[in-house]
Amino acid sequence: MKNYGLNEIRKKFLDYFGERGHLVIKSFPLIPQDDKSLLLINAGMAPLKKYFTGEKKLKKDRATSSQRCIRTADIDEVGKTQRHGTFFEMLGNFSFGDYFKREAITWAWDFLTNELEVPKDILWVSVYEEDEEAYNIWVNEVGISPERVVKLGKADNFWELDQGPCGPCSEIHVDRGFEFDPREDAKPGDEGERFLEVWNLVFTQFNKTADGKYERIAHPNIDTGMGLERITMVLENADNIFEIGLVKDIIKTIEEISGVKYKENHKNDVSIRIIADHVRAMTFLIYDGVIPSNEQRGYVLRRLIRRACRHGKLLGINDSFIEKVIDSCIKVYESGYPELKEDRDRIVKIANAEEKKFQETLDLGLNILDSMLKETDSDVFSGENAFKLYDTYGFPIDLTKELVGEVNKTVDEVQFKKLMEEQKERARGSRNESNMGWSSDKKYGEELPETKFDGYNSLKDESKVIEIYGEDENNLKAGQMGIIVLDCTTFYGEGGGQVGDKGIIYNDNFKAEVYDTKKTGKKVFLHYVKVTEGSLHVGDKVTIEVDELNRRDIMKNHSATHLLHQALKDVVGDHVNQAGSYVDGERLRFDITHFEAVSKEQLEKVEQIVNDKIALGIPVKIDEMSLEESQSIGARGLFEDKYQDVVRVVQMGDYSIELCGGTHVKTTSDIQMLKIISESSVAAGVRRIEAITGRAVYKYLKERDRLIDNVKHSLKASNEDEITRRIEMNTEEIKGLKKKLKDITNKDLSSNVDSVINDAVEVNGTKVCTFELSGLDNNSFRDFGENIKSKLEDGVVILANSDESKVSFIALVTDSSVKKGVFAGDIVREVAKVCGGNGGGRKDFAQAGAKDSSKVDEALQKGIETVKSKLNA
């Protein structure tokens with residue numbers, strides 16, 4: 001048996017099936033495209049579902065791929081065992097109604113025994129007990145001994161879901177030898193690890209109906225899967241996936257960084273395996289466009305990075321290290337994925353940002369957790385504490401569960417989830433709906449026919465009222481609010497981030513203001529109105545007229561988002577993708593996937609590019625075409641959006657091509673100008689850019705002129721050039737005054753040091769000094785505490801600094817008191833609780849904040865009591 005490495009095996013597999021007429025498909029991204037049923041691609045056939053069902057077509061009816069996959073169901077077992085991993089590649093060959101069992105079986109055998117030179121005498125096969133066709137091919141055509149073909153039941157060798165395509169499967173197993181099971185009659189299907197399944201051939205030949213019947217399908221399919229890491233284990237004679245050469249190279253890097261040797265200590269081995277696995281997974285996740293966040297696949301990535309960070313800490317790695325392991329990962333995968341090297345800087349930047357962010361709170365969070373665990377004798381760790389670790393220190397609940405589990409405790413997840421939900425409710429705030437006089441829960445328009453929409457071509461039209469929803473059935477009167485449904489409309493219904501149109505609906509007897517337009521899933525347009533004159537009844541003819549100025553402003557903003565999107569990709573990086581948008585007549589809001597703030601310089605460059613494209617007057621071309629055709633010209637859509645077979649493509653020259661159903665300008669010069677007004681964070685891994693165009697920019701500039709005039713007047717500057725000089729003069733003057741004030745304050749505080757020490761409470765030889773200050777800056781506050789501490793041999797300093805709305809606390813502990821078990825973090829937490837706050841820190845210094853400054857005396861007394869309890873006084 002030849003010792004082929006993982007990258008060699010992948011190439012040989014794809015070449016083998018490519019030579020047999022298969023279309024060689026590049027691995028799909030880990031983010032599923034147009035499939036909301038999956039969080040991440042977890043199997044070789046997962047991205048090919050629509051080709052198996054016939055919804056989509058490839059150039060050939062047979063294909064082969066090496067698909068990268070992520071499975072996180074057993075993430076807690078990774079490292080603890082040598083079998084589990086989150087990242088793997090799945091080799092597969094597929095037939096979409098082309099060849100069937102004979103070819104699938106004979107090619108699989110030929111590839112293993114001839115191409116990879118796996119000895120025939122270590123290979124076994126299992127088949128479904130009723131699949132005589134497959135059994136006969138294995139025995140009579142391949143020539144494998146009947147003793148090594150095992151018939152198994154549905155649980156092992158029949159692939160099916162509740163209903164839909166299904167069929168028997170045949171698995172190829174490797175006999176790993178008597179050391180795994182000494183029994184002479186051992187065979188596949190037995191418990192134990194002697195027989196390793198390496199290749200599964202699924203013969204999809206039935207359709208399972210809702211009533212449980214199996215119907216043969218006219219054109220059966222083939223779906224095979226062979227784990228690349230598993231077959232590499234076999235060829236390299238490795239015991240597990242962490243022993244194959246490629247992963248061993250990554251482990252070697254971890255050994256060099258940590259100074260810890262693999263296979264010398266079980267606890268260290270667990271950490272090394274976790275890092276090796278998780279860094280492989282995070283490298284490919286980031287490459288495929290995932291950004292760390294607190295939701296869905298972003299949370300998976302965040303959890304992987306943070307688990308790797310924590311296990312690096314357990315190995316004694318105190319500095320950032322993930323970048324070096326990623327570099328090792330990119331190097332070993334370079335021949336199969338050269339694009340990783342090209343994208344290396346972005347991958348590292350995202351991982352480094354998340355690692356740094358977590359390291360900032362990891363030590364403090366671990367200390368807090370340790371204190372929390374010491375404070376309870378219960379086997380259940382409270383949900384309140386778990387929530388505090390999550391909310392204050394960024395500990396994902398899974399990490400808390402893992403850490404708590406290591407000391408044989410469990411987390412009260414019910415209470416944790418309750419607190420999380422309460423926080424979400426607070427964030428949502430009060431959402432009182434306007435009292436429109438009828439139920440706001442009803443789904444309007446569900447029973448009505450689709451509304452004909454002609455708003456792309458005109459703003460005014462004649463229409464007929466087919467339904468009214470309001471206080472009275474079938475009619476609306478002056479002063480009432482309601483919803484009007486028409487047989488045709490020119491009003492755009494809210495969708496794709498664009499707000500609905502405003503305007504008027506009227507006839508000789510009636511007039512109403514349309515303040516919003518929405519569209520149901522069945523394309524029924526709902527016109528939200530306030531009646532200003534007369535009355536309206538179902539069946540009435542009306543004139544409809546969209547507010548032209550508002551629509552034009554919306555068009556400018558929407559077209560600008562397309563230019564903005566591409567400019568951000570050009571300047572910030574191609575990983576930038578749309579995460580949401582909002583477009584109305586006043587402004588545009590554009591959310592993007594990005595891991596850090598977009599710099600001022602980058603924003604200026606983006607703004608310049610967009611305005612250059614506006615100045616060029618690029619024609620905006622809009623076409624309808626098939627989804628496949630749009631993809632062939634490079635049209636960009638949102639991964640998770642579900643598109644119809646015919647899509648609307650908005651093209652701005654060769655600069656921007658996007659799928660979009662919104663309203664747009666005729667040429668980019670219609671936008672007039674774009675001004676970015678803010679950039680901020682809305683969630684982990686998501687940045688928000690707000691901008692204005694057209695008339696709004698003019699208003700913005702007029703307001704800026706007014707502000708500059710006010711500043712000139714306040715500074716007594718004769719012109720704009722003099723403003724800067726005046727500010728610099730005033731700043732220097734303020735600095736000097738602040739220094740004088742600080743000198744006076746410090747002198748005054750220094751005179752109080754001795755009196756604070758003289759008033760100290762002595763507890764078993766330890767002096768406890770407490771004092772309340774007011775309105776002090778942070779530096780002076782801490783300096784005062786350090787001055788007192790420096791004059792104590794064995795002591796604790798607890799200080800409060802309050803004003804009307806809040807209070808700050810610090811606790812300082814001398815080395816001799818720390819040795820007695822008195823820790824600043826413990827003290828300051830108890831003190832802050834009295835005033836409704838929290839905090840923490842090191843053993844010798846800690847700080848906290850609270851809102852209730854009325855209980856400072858009580859809080860300082862609590863500090864003294866806490867020290868007494870620590871000293872058993």
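Heads up, the Cβ atoms here are built off N, Cα and C, so glycines get one too.
According to Swiss-Prot, the protein has these features:
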type    : residues               : note
BINDING : H558, H562, C660, H664 : Zn(2+) binding site
REGION  : 424-443                : region 'Disordered'
Set of same-chain residues at least 6 away whose C-beta sits under 8 angstroms from H664 (Zn(2+) binding site): M555, H558, S559, H562, V620, I622, V650
Set of same-chain residues at least 6 away whose C-beta sits under 8 angstroms from C660 (Zn(2+) binding site): G496, H558, H562, R648, V649, V650
Listed in sequence order, residues not in H558, H562, C660, H664 with Cβ within 8 Å of the centre of the Zn(2+) site Cβ atoms: M555, S559, T561, V620, V650, E658, G662, T663
Assigned element (helix, strand, coil) containing C660 (Zn(2+) binding site), judged by DSSP: coil
Cβ atoms near H562 (Zn(2+) binding site) (within 10 Å, other residues, all chains): 26
H558 (Zn(2+) binding site) CB neighbourhood, other CB atoms within 10 A: 25
